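Encoded as structure tokens, the structure appears first; notes follow it.
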Amino acid sequence: MPEYLLLPAGLISLSLAIAAGLYLLTARGYQSSDSVANAYDQWTEDGILEYYWGDHIHLGHYGDPPVAKDFIQSKIDFVHAMAQWGGLDTLPPGTTVLDVGCGIGGSSRILAKDYGFNVTGITISPQQVKRATELTPPDVTAKFAVDDAMALSFPDGSFDVVWSVEAGPHMPDKAVFAKELLRVVKPGGILVVADWNQRDDRQVPLNFWEKPVMRQLLDQWSHPAFASIEGFAENLEATGLVEGQVTTADWTVPTLPAWLDTIWQGIIRPQGWLQYGIRGFIKSVREVPTILLMRLAFGVGLCRFGMFKAVRKNATQA
């Protein structure tokens with residue numbers, strides 16, 4: 001290498017090493033439900049996530065095969081696609097729904113406004129409850145509360161439908177989570193879940209490079225563990241509360257474009273950098289490696305986007 005390039009190359013290498021070190025040292029690893037609440041409180045308070053993602057802190061649905069789509073519209077389309085897949089579009093107005101892991105209420109408001117459901121959204125984050133309430137007009141039949149999905153405060157059989165999107169990775173015990181979800185569904189009611197899942201490592205163990213990738217996907221966003229699609233379906237059926245079998249589907253293909261689309265939003269909407277200043281810019285850029293790792297993991301089959309539907313067994317069948 002020419003001598004005049006040694007200093008710039010050295011500075012670039014040093015900068016990359018420092019950035020990588022800071023990325024690893026500032027990971028938001030799961031410690032307890034409080035660490036999850038704190039992470040979402042911070043994301044909600046700073047407003048950056050809402051600025052770029054809108055009301056919906058979940059992936060979008062781009063069709064199968066995927067087509068180019070407005071980023072926010074893809075998230076709205078996801079809610080309708082999930083409602084249709086779960087059979088919720090055939091239910092009457094007034095149906096009671098519990099939205100577990102409701103974020104700032106995007107899905108809850110659609111289910112209330114477009115389907116006429118009476119929705120209760122719960123999240124572990126007080127700031128998300130505050131923001132969801134602020135965003136919900138008085139005439140929309142959706143309300144929000146702080147609650148722990150590992151120990152829901154509702155009596156058995158409280159809701160016609162329980163709905164949950166991308167909350168499962170934050171749950172330390174998937175069997176307990178599965179039982180709590182089904183416990184609060186009325187007999188004959190519906191549970192519909194969408195989640196990030198990992199490949200079933202009982203069938204194909206993680207290899208030498210997949211293990212550190214998975215470690216970062218867990219540690220960076222306060223996830224104790226990912227279930228596999230097969231494993232969580234087994235968790236649901238093991239409760240003894242499911243009529244027949246759990247229905248599953250793999251929505252990796254229609255949701256995959258959302259990862260790179262997330263990064264693209266920051267490029268085509270740079271005004272957000274000005275609105276939130278240098279601190280907001282750094283916080284946004286800091287998430288890019290994790291988003292790219294997510295795209296890699298879902299793209300090569302290390303992770304999958306799982307869909308689950310179960311009908312609660314009637315009391316006479318229990």
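Placed from the backbone N, Cα and C atoms, the Cβ positions cover glycine too.
Listed features, source Swiss-Prot:
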{"type": "REGION", "residues": "97-106", "note": "region 'SAM motif I'"}
{"type": "REGION", "residues": "157-165", "note": "region 'SAM motif II'"}
{"type": "REGION", "residues": "184-193", "note": "region 'SAM motif III'"}
{"type": "SIGNAL", "residues": "1-39", "note": "signal peptide"}
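Broken down with DSSP, the region 'SAM motif II' (157-165) shows 0 helix, 7 strand, 2 coil. Across the region 'SAM motif I' (97-106), the DSSP tally of helix, strand and coil residues reads 1 helix, 4 strand, 5 coil. Note on the region 'SAM motif I' (97-106): mean pLDDT across this stretch is 98.
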